[in-house]
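S.K.: Provided herewith is a single structure, encoded as C-alpha cells, for subsequent inquiry.
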Amino acid sequence: MRRIGFFTFAVGVALLPALFPDNYFVMAVGVSAGLNAILAVGLNLLMGYAGQISLGHAAFFGMGAYTSAILTTRYACPSLIALTAGLIIAGVIAWLLARPILRLRGHYLAMATLGFGVIVHVLMVQATPWTGGPDGLNGIPPLNLLGWSVDSDLRWYAVIMAALLLAIGLSLNLVDSRIGRALRAVRGSEFAAQMLGIDTGRAKTQVFVVSALFAAFAGSLFAHQQSFVSPDSFNLTVSVELVTMVVLGGLASTYGSACGAIALTLLHEGLVVFEDYEMMIHGALLMAVMIFMPQGLFIGLSQGARRLWRLKNKASA
Amino acid sequence: MKDYGWKIILAAALLAITSLAGAVEPIRIGSFLSVTGPASFLGDPELRTLQMVVKDINAKGGVKGRPLELIHYDTGGNAREALSFVKRLIQNDKVDLIIGGTTSGDSLAVIPEVEKAGIPFISLAGAVDIIEPVKKWVFKVAHTDRMAAAKIFEDLRKRGLTKVALITGDGGFDKSGREQLLKLAPEYGITFVADESYGNKDTDMTPQLTKIRSSDAEAIINFGFGQAPAIVTKNMKQLGINLPLYQSHGVASQTFIDLAGAAAEGVRLPAAALVVAEQLPSSDLQKPVLLAYKKQYEAQYGPVSTFGGHAYDGLMIAVAAMERAGDADKAKVRTEIEKTQGFIGTAGVFNMNPTDHMGLNLDAFKMVEVRNGAWKIVE
Amino acid sequence: MPEQLFQFLVTGITVGSLYALVGLGFAIIYNASDVVNFAQGEFVMLGAMTAIALLSAGLPLPLAAIVATLLTVLVGLLLERFAIEPTVGAPVVTTIIITIGAAIFLRGIALLLWGKDFHPMPAFSGDRPIHLGGATLLPQSLWVMGVTLLLVVLVRLFFNRTLLGKALLACSFNRAAAQLVGINVRVMLRLAYGLSAGLGALAGILIAPITFSSYEAGIMLGLKGFSAAIVGGIGNPMGAVAGGLLLGVLEALGAGFISSGYKDAIAFLFVLMVLFFEPTGLFGHKVADRV
Amino acid sequence: MTTALSTLPSAAPLLAVEGLEQSFGGVMALAGVSFQVPAGLIYAVIGPNGAGKTTLFNALCGFYSPSAGSICFEGDELLGLPPYRIAALGVTRTFQNLQLFFNMTVLENVMVGCHLRARTGLLAAALRLPGVRREERQLREWAHEALEVCELADRAEQPAGALPYGLMKRVEIARALAAKPRLLLLDEPAAGLNDTETLALRDLIARIRAAGITVLLVEHHMPLVMSVSDRLLVLDYGSVLAEGTPADIQADPRVIAAYLGGAVQYAV
C-alpha cells in the first residue's frame, strides 16, 4: 500500500514534464513547490509526529542556503562540499538548540522558535560582509553533481523532484520504525513514552535535528537553483507559511504535508492575478480551510471522497 | 487548486487564439513591481504610470500598428518572488521586453535569468551594481544612489560642512546608499562621526538620534524610504537637534512632507526635476515633458511621484527603440535602446552607449528643500 | 551619559507602553479561550486607520477615537463569532493558523479600503517637545503613557472588583466549573475578544500620531505584544504589562548602547533567555500535569 | 485463589523502599514511607483518596524527586534516575488517567512498549536497512504475544482511540507487558470497568504474575484487591498504616477504624 502510493507519486512527477514540455507551471512552479514540499515533509516530522511546533524553521532553510552561497561565491568551494557544510552547520546548531528549546511547551515553544527565526534573519540582514546584507548574494554557481552540472530548468526539475522523493521515502521509513513510533509516542503522551524506556529529550532532539537537516538541504538546493539568496526568503512570513503548509495538508501525514506545500504554492501562483485582492482571499481561504477541515486538506478531502463513495454505494444498493 | 492553474492556462490560450484570429499580435510588455510591501511607495506609482501610458499609446494606435499588452506581477519587494515572476513572464507569458524591478534587490536577483533568456530589461531601481559592470541586456533609468550621494556631498561642500552623522534603515535601498556615501566621502573631504541604523518598521529612532546629538556632527544624512525617514525627521525636532538634515531621493514626494509635517521644514534632498516641475525656467528642455506627464497622471491618480516618472522614462525609451527597430525583435530592440541619445525623460536627458546603460549625469538631480510645506529648488 | 540614559528610558517606556497594551490584549484572550490571537496587531492597525479615516471625514478627535474603537470592537466580536467559536477545543496549531489567517484577511481588507500609503494623524495636543531634565519627549508620549496607565488600572479593577471581571477570570481557571456555577462562557468569550480589540484599537490611536499608520502597521506591534505576553507568562495580564515595558526599555537601551541594527535580535535574545531559565515566563503559573 | 504459601517476604526483596518523603508546598504527601515488595507477588497499595498512593507511584517511577529516602530495585538505586532509565531497569507502569497514544493503532501502541527490546537507530530506520526489517518483524511478533495475553489480538489494527474504555485500559497493560518488565505498576486498573471486565482483569493480573512478573497495584475496588493480592500496604495521610496479608489487614483494628469504617468486611 505504502509502495503503491510512493510509486504513483513518482510516476506522476516524472510524467508531468513529458506531458507539458516547457510549461512554466510545471517547470518553475513545480520546482518551487518541490522545495516547499521537502521543507514541509521535514517540518511535519517535528510538528505532525513529535507534536512540537516551530515558527522559526525558515532559519534552518536559510542556514543551508547561505552556507552554500557564501562558500561557493567567496571561497570557490565545490557545490557538493558547500551543501554538506550547510547540513553540518544547521545540524549542529539544531542539536545545540534542541535541549533548551524543546523543554518549552505550546505557545512558549512557538515564541522561542519564532524568536530564534527572527534572530537568524536579523543576522542575515546585518552581517553584510558575510551575507551581502538585505540585497543578498548573487552569482551562486549551479549545482555540480560529480561533473553533471544542473544548469537547465529541466535538470533542476529532475534534481528537486528526486530530492523530494528521497525526502518522502526517508520520512515514510522513519515514521514506521522504532524511532518513528518513539516520536509519535512523545506526541501521544510524554509520560507513557518515558515509562516505556524512551528518552523523550533525546527523541525530540533527534527529530529537531532531522527536520533542520531537511530544511538545510532544501536551502542549499534553493540557493543553487535561484543562483542568488536574500534574507527575504527566510523571514518570519516564510516560517509561518511552512507551518501553514504542514497544517493545511494535515498533520502527521507525509503525503499530506507534501500536498499542503504544493497546494499553497499553486494557490499563491493562482492568486497573483487578483492583485490587491490577493491578501484578503488568501486570509479568508486559510481561515475557511482550518475551520471546516481542521485535520487538513489531505485528510479532509479524502474523508469527504470516501463519504461520497459510501453514499453512492448505498444509493445503488 | 491545480484545476485553477489549468483554468488560467486555458483562459490564456483562448485569449491568445481569439486575439490571433481577431487582431494583430500585440507587443507584450512584462513588468514585475513592488506594488505592495515596504517599497509600495515606489512600486505603486510605477504600475499606475505603466498602465496609464500603455492605454495612452494604444489609444493612439500602438507601436508600428501593434497594440501594447501589459502583463504585470507584484513582487511585494521580495527578490525570490521577483525571480519567479520574471521566469513566468519569459516562459509563460512570452513577453518581448521587461520593465520593472522596483527595488535594487528585485532587479539584481533577476539579472542572470534575463541575461540567459536574452530579453531587454529596463530596471527602475537605483543601485549602481545593476549596470556596472555593463550587462548586455540590462538597462536602467532611475538615478543611482551614487549620484544622490555625490549631489548631497556637493551641497555640503558648498555650505562648508565636513563632519556628518549618518543614519540609515536596514533595507536594500538604505544599505546600498550607505555604502555609496561611505565610499564617496573621502573624495569630498567628508568624515562620518556617527553611523547609526534602524529597522524600516521601527516606530521610534530617538535612541539613535540621541547618540548622534552627543557627537560633534555638523549635518545629518538619512538615507531611506517609506515612513521611517519621516519619523527620523520628527524625532530630530523632538530632541531639539537643529542640524541641517539631508534625506535621499527615496522620499522626494509630497507624502514625505505630509507625514513629517512642520518638522520637514528645511530638509534637503536630491530629487528629479519632476517634484519641482513648475519652478523650472521655461528654457528647460525637460519642462514640457514633466508638465505633460504630471498633468496626465494627476488627472487620474493624485499627486505624482518621481518613481512613477521612472516607469514613464523606461517605457518611452523602449517604445522609441521599437519604433526605430521597426518591430519588437528582442535583439534589435536591445541594440536600439543602447543607441538612445538625447531622450528627454522625467529623470533627465538620457544618452546611452555600449559602456553606459543608464545615460544620466549629475545634472539630472536638483537639490531641493522643503519651504512652507513644499519642495523648492535650492540655488 | 546619564542624560542619554534618561532619554533612552523615556523612549523605552513610551514604546513599552504600547507593547504592554497589545500584550494585555493577548493575555485577556488567552485567559478566556486558550487561544493566542495573532490578529491582535491588526486590531491596533484597524483602530488607527479607522480613526484617521474618520478624522479626515471631519469628525472631531474624541468622537473619531470612540467610533474607531467601537468599530474595532465589532470586528473583534465578529472574529470571535465566526472564526473562534466554531473551533473551540481545536489544537494549538489550528488556532494559530486561524488567527494568522484572520490577520492576513484583515490586512487585505485594510489594503482595499485605505491603500498602501502611510497615513499621518495629528498629535492630540501639539508637537512642541517637553524638556525634562536633559531628555525631551513629545506631548503625545505623555498621552501614551498616561492612557496606558489608566487602562491598565481599569483592567485590573475590572478583573478584581467587578462581578463580570471575576466571572471572566473564572473561565480562565476552569471553564467547566464556570459553566456549572451559571456563568455563560460563550458571552465571556465574546467579552474577552471585544475587550482585547478595544484595547488594541486604543493603542493604535495613541501611537498613530508618532509613527503614522498603514495597512501593515500591525505586524510588528502584534509580534512585540506577543513577546510581551510570553515574557510576562501568558495568561497573566499584569505580567504582560510588565513584559511590555521591560521589552520596550530593553530595546531602547539596546539600540542606544549596543547596536541599533541588532535591536530586534537583542529583544528576542532576551525573550529566549527568559524562556530558557523560566519556561513559563517571568510571572507565569507553573503548570504541573497530572499523571 | 489466594496463595497462602507466599505470604512471607523472601530474603532479597525485588523492591525495597526506605523512608520516602515527598512534599508539595509544605504538604507532606509521603511522610517516610517504607515497605518491601518480594519478587513474584501481587502487592497492593490501598488507602483513602489523598493518602499518597499515586504520589508513591510517581516517586517510584521518577516523575517526582522525593526529598528523602531510598528506592532500591534489585540492588539499583532508583531515586534520582529519570523515568526512562528506571524503565530500562525493568520497571514499567500503567496510568490512572489513560496515557494511551491515541495517534496510533493498538498494535503500534504495543510496539512502542517493545522499544527497550530493540536496537534500531535513526539512520538505519530512515534508510530501512535489511536488519531493520528483521527487527520490525520480531517486534510485531512480541507485540502480538502481549496482545494475546490481554485478549486483544483481534483489535490489533484498530486506532487506539476508537476502542471502548475498558479495552483502552487493557491496551495500556499490554503495552507495559510488551516491555517485558520485572516489576509492573498498575495504577487503578479497575477504575471505570464494569463487573465482567473487573473479573477478567483479575484473571489477567493473575496470569501476569504467573508469567513471573511482580505486580504493584493501586486500587480502590476492594473485592478485587482482596481477592488478587498476596500482600497489602495501607497508606493514610502519607504514612504506612498497616502492612500484611489480606487477612491480616481485614483483621487490623486500625485499618478498620481509619479506612474500612469499622463495618465492612470483605469476603474473599
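Cβ coordinates are placed from backbone N, Cα and C, and glycine is handled just like the others.
The shown structure was predicted, so the numbers you read here are calculated from the model rather than taken from an experiment.
Features from TrEMBL:
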type     : residues  : note
TRANSMEM : A:25-46   : transmembrane segment
TRANSMEM : A:53-73   : transmembrane segment
TRANSMEM : A:79-97   : transmembrane segment
TRANSMEM : A:109-127 : transmembrane segment
TRANSMEM : A:154-175 : transmembrane segment
TRANSMEM : A:243-267 : transmembrane segment
TRANSMEM : A:279-301 : transmembrane segment
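Looking at the shown structure, what environment does each listed feature sit in?
M.R.: Beyond the ends of the transmembrane segment (A:25-46), by six or more residues, the same chain brings 16-17, 52, 54, 57, 61, 153-154, 156-157, 160-161, 163-164, 167-168, 171, 174-175, 183, 207-208, 210-215, 217-218, 221-222, 225, 242-243, 245-246, 249, 251-254, 256-258, 260-262, 264-266, 269 to within a C-beta distance below 8 angstroms of the stretch.
A Cβ distance under 8 Å defines the sequence-distant neighbours of the transmembrane segment (A:109-127), meaning residues of its chain 6+ beyond its ends; these are 52-59, 62-63, 66, 97, 101-102, 133-134, 231, 234-236, 239.
A Cβ distance under 8 Å defines the sequence-distant neighbours of the transmembrane segment (A:154-175), meaning residues of its chain 6+ beyond its ends; these are 2, 6, 9-10, 13-14, 17, 26-27, 30-31, 34-35, 37-38, 41-42, 44-45, 49, 143, 145, 183-184, 210, 214, 217-218, 221, 225, 254-255, 258.
Distant neighbours of the transmembrane segment (A:243-267): 5, 9, 29, 32-33, 36-37, 39-41, 43-44, 47-49, 53-55, 57, 164, 168, 171-172, 175, 184, 187, 282, 285-286, 289-290, 295-300; these residues of the same chain sit at least 6 beyond its ends, with a Cβ under 8 Å from one of its Cβ atoms.
Long-range Cβ contacts of the transmembrane segment (A:279-301) within its own chain (Cβ-Cβ under 8 Å, at least 6 residues beyond either end) map to 244, 247-251, 253, 255-256, 259-260, 263, 267-268, 271.
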